[in-house]
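*Asks:* In case it helps, Swiss-Prot gives these features for our protein:
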- 3-166: domain 'EngA-type G 1' (DOMAIN)
- 9-16, 56-60, 118-121: GTP 1 binding site (BINDING)
- 175-348: domain 'EngA-type G 2' (DOMAIN)
- 181-188, 228-232, 293-296: GTP 2 binding site (BINDING)
- 349-433: domain 'KH-like' (DOMAIN)
Amino acid sequence: MIPVIALVGRPNVGKSTLFNRITKTQDALVADFPGLTRDRQYGHAQHENKSFIIVDTGGIGVDDIEVDTLMSRQSQVALNEANVILFLVDGRSGLTGIDQQIAQALRKFNKKVHLVVNKTDGMNEDIACADFQSLGITDIHAISASHGGGISSLLEEILEPFTTETHEATDDKAIKIAFAGRPNVGKSTLINRILGEERVVVYDMPGTTRDSISIPFTREDKQYVLIDTAGVRRKSRIDEKIEKFSVIKTLQAIKEAHVCLLLLDANEGITDQDMNLLGFIIESGKALVIAVNKWDGLEEDHKEKIKSELSRRLHFANFAKIRFISALHGSGVGGLFKDINEAYHSAIQSFSTPKLTRLLQDISAKHTPPCINGRRIKLRYAHLGGHNPPVIVIHGNQLDALPESYKRYLNNEFIKHLGLVGTPLKIEFKGGQNPFANKKNKLSQRQVNKKKRLMRWAKSKK
């Protein structure tokens, strides 16, 4: 399972800055589309081929009035699910009483804690860290979140115990499908409907938890693994069942999956939580199918309203198939696997370099790149750079000056001509290096001697 790293610390020590610095180290797999909502409290990141989830508890809050309420309930959920805790302190302010209280509170979690002394740029690191030795945390790191100093070595050390991510080696043939959605949208009902219709033998896979259950099954001689992120149900004081929604477990399921099935509730429309989940999936680059549940029984005007809202708010995810279903009664459920298979095969498809290069030439001839300083941007050739999502690498000159609008044009044209369905496409641009860049025009010794002879000859003629 992908590791989870939690950031904790008192306000204004730089948790959000470090979060942004770490999550920004991995380029987004797709363009930053207008209208795409991202939850900045949780994020995917990668360092040296090791993926992880990072949680910023800064937005969750720390109460510095009473020790008993030092951490909110949501903070404690995040810390309970974390594999590693990064405890941030301010190297310029020194040790405070709140820092001591937080350190005391962290001990009860029985987790690996790294003390991260931030804002040490321009300071002697040993002196900056010395003030915090009394906290009793052995792993101490000095960093500068704003300038990036020390972050690479910090990530290298905390990720060392975790293995490099290799999806291909974990499961050979089965298509992993993550069912993502808000509590009570019908994820478990849909999975039960699928399993009931197919009459398959279901067994629990080793290592599954109550929060995320993996269910393998076979349909039409194809193997699948359904990852249910429904969550833990607990009883409240008034004896009502309430579903505990874990963002972290959902993020882990999304990262493990080949295809994500986002379930929406037709009765409630598209909520902010739906948009946040969609943002996670888009950023992960996974293949996507959207299912609108509880479609049966709606009035026609309500259906039209939902379709209009989907078209307006999900325009940046127009690569995904949308299917209207009823998990309870089964209508539309059978067609989901057609969409899932299409999305999966599009995400893992391979294309030869000659084919991609010819397509690039045709696309750029149809709409030529703009000129920069009187010189036209040249797109020379393209090749495949990865799968799930498919990555196309384009080589050429002056690619740094290529406008975003032209990049979107290339993306849309490649998707259309390659017939990609249900998967985003990432395009990387690599410019050719000028071998004479930053080189001074230095004369050879022979040229120097010739120049001197000419100068002597010119003087003798005066």
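Note that Cβ sites are derived from N, Cα and C of the backbone, with glycine treated the same way.
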*Asks:* Closest to GLY181 (GTP 2 binding site): which of the binding-site residues GLY9, ASN12, LYS15, THR120, going by Cα position?
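*Replies:* Nearest in space to GLY181 (GTP 2 binding site), counting only the binding-site residues, is LYS15.
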*Asks:* What count of other C-beta atoms do you get within 10 angstroms of the C-beta of LYS187 (GTP 2 binding site), across all chains shown?
*Replies:* 25
*Asks:* According to DSSP, which kind of secondary structure is ASN184 (GTP 2 binding site) found in, if we only use helix, strand and coil?
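*Replies:* Note: ASN184 (GTP 2 binding site) is coil by DSSP, not helix or strand.
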*Asks:* By a simple count, how many Cβ atoms lie within 10 Å of the Cβ of GLY181 (GTP 2 binding site), its own Cβ left out?
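*Replies:* Counting Cβ neighbours of GLY181 (GTP 2 binding site) within 10 Å gives 23.
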*Asks:* Please identify, from the binding-site residues ASN12, THR57, THR120, THR229, the residue with the sparsest Cβ neighbourhood, meaning fewest other Cβ atoms within 10 angstroms.
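*Replies:* Counting other Cβ atoms within 10 Å of each of the binding-site residues ASN12, THR57, THR120, THR229 gives the minimum at ASN12.
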*Asks:* Measuring CA to CA, name the entry from the binding-site residues ASN184, LYS187, THR229, TRP295 that ends up nearest ASN12 (GTP 1 binding site).
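*Replies:* When the Cα distances are compared, THR229 comes out closest.
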*Asks:* Looking only at GLY9, LYS15, ASN184, TRP295, the binding-site residues on record, which one has the least crowded Cβ, with the fewest other Cβ atoms within 10 Å?
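*Replies:* So among GLY9, LYS15, ASN184, TRP295, the binding-site residues given, the one with the fewest Cβ atoms within 10 Å is ASN184.
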*Asks:* What is the separation, in Å, between the Cα atoms of THR120 (GTP 1 binding site) and THR229 (GTP 2 binding site)?
*Replies:* 41
*Asks:* Average pLDDT across the domain 'EngA-type G 2' (175-348)?
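*Replies:* Summing pLDDT over the domain 'EngA-type G 2' (175-348) and dividing by its length gives 80.
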*Asks:* So of all those binding-site residues, GLY9, LYS15, THR57, which one's Cα sits nearest to LYS187 (GTP 2 binding site)?
*Replies:* THR57
*Asks:* May I ask for the distance between TRP295 (GTP 2 binding site) and THR57 (GTP 1 binding site), taken between their Cα atoms and rounded to an integer number of Å?
*Replies:* 37
*Asks:* State the Cα to Cα distance, in Å, between THR229 (GTP 2 binding site) and THR57 (GTP 1 binding site), rounded to an integer.
*Replies:* 22
